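If you look up TrEMBL, you'll see 1-15 marked as signal peptide. Residues or ranges marked as disulfide bond by TrEMBL: C42-C352. The feature Ca(2+) 1 binding site is assigned by TrEMBL to E53, N167, D168, N223, D268, N269. Feature annotation from TrEMBL assigns Ca(2+) 2 binding site to D54. Per TrEMBL, active site, proton acceptor is recorded for H114. Residues or ranges marked as N-linked glycosylation site in TrEMBL: N269, N323.
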Amino acid sequence: MGKLVALILLGAGLALVGERFLTLRERMNVYREVESVEPQNCHLIEGIENGSEDIDILPSGLAFISNGLKYPGMPDFAPDEPGRIFLMDLNEQNPRVQELNISNGFDKASFNPHGMSTFIDKDQTVYLYVVNHPHMDSTVEIFKFEEQQHSLVYLKTIKHELLKSVNDIVILGPEQFYATRDRYFTNFFLMLLEWFMDLRWTQVLFYSPGEVKVVARGFGSANGITISLDKKYIYVADVLDKNIHVMKIHDNWDLTQLKVIQLDTLVDNLTIDPDTGDILAGCHPNAIKLLMYNTEDPPGSEALRIRNALSEKPTISTMYANNGSVLQGSSVASVYRGKLLIGTVFHKALYCEL
């Protein structure tokens, strides 16, 4: 009887492992190949190598671009180089990037920028909030942007026990933001186990100086986050579930899910078209190609536009798609007056005139 029970348990265990393996392969889009959709007026941005993971464009047309992210499991072609923030003026006829100098008092050597968000004060002062992973920790850095000096003045580091494995943030007010936590475990191998077992322990957090709390939970891997033009709704990308959660903001900053927009691609960062309110999404068509990087078969890129997100049937269109021959591992898409920027986790960045 003991042997029979053992065999039954072994069989059940193997069946579970097999089912989990097949489910994970489906979630990773293992067999998907990209069909090319490439606007004519596109070119790689000179001066950007080793990633452009997030892009935030000011109403004035100045674009902040994060560079040099080191993330567990992702390719890193410059392991000894610290992260940087670039600036690009999209009002110029031929925009170029320029690295922003960061003031003293900040540990530049361990700078590992991830998601970003900007806040413009009543006096038009621009503040840049950056998710940072110094020594694989998670902090949020606050900088003041000095346009004339092309520099960032370091102001403050925010750290909290709930702000672990932070991926992206969206600013609501001075030192007030929502943040996504993309994994529960900080250890890379436990993170893989978390994905494999589909634990759904990742969250959206609300942070302010007086209160820090979980406002949404149950995501496979909460990733990009942004806010609607009218400031009533939050959009959250779940990269493993290949969808976008539409959530209503309450007066106490809690969130209530209204709907889920299902896609056929792994959604990374989200931005908003300032003219239309459409959601723009940087996506990974096939995640296995990201995690198991092969120069002969690199990960592709995909940028989507989601119109009428609050309607029963949002319209989804492809703005850009490439099999990796030009752009690898797209993570963000952002627009300004007919100009499109697409960033990547570890590769280059693309500029298009639509």
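Each Cβ is built from the backbone N, Cα and C atoms, and glycine gets one as well.
Just so you know, TrEMBL annotations never went through curation; they're auto-generated.
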From binding-site residues D54, D168, N223, the one whose Cα lies nearest C352 (disulfide bond): D54
Proximal but sequence-remote residues of the same chain as N269 (Ca(2+) 1 binding site) (Cβ under 8 Å, at least 6 apart): E53, D54, I55, G115, D168, N223, G224, A237, A281, G282, S331, V332, G343
Integer Cα-Cα distance in angstrom, H114 (active site, proton acceptor) to N167 (Ca(2+) 1 binding site): 6
Other CB atoms, at most 10 A from the CB of N167 (Ca(2+) 1 binding site): 27
Neighbour count (Cβ, 10 Å) for H114 (active site, proton acceptor): 25
C-beta crowding around C352 (disulfide bond), within 10 angstroms: 20
Residues near D268 (Ca(2+) 1 binding site) in space but at least six apart in sequence (CB under 8 A): N223, G224, A237, V239, A281, G282, C283, H284, S330, S331, V332, V345
Rounded to the nearest Å - Cα separation of C42 (disulfide bond) and N167 (Ca(2+) 1 binding site): 28
Separation of alpha carbons, N323 (N-linked glycosylation site) and N167 (Ca(2+) 1 binding site) (Å): 25
Cβ-Cβ distance under 8 Å to N323 (N-linked glycosylation site), same chain, at least six residues away: E33, V34, S36, P298, G300
Any further residue of that chain within 8 Å (Cβ to the Cβ centroid of E53, N167, D168, N223, D268, N269) of the recorded Ca(2+) 1 site: D54, H114, G115, T180, D182, G224, A237, V239, G282, S331, V332
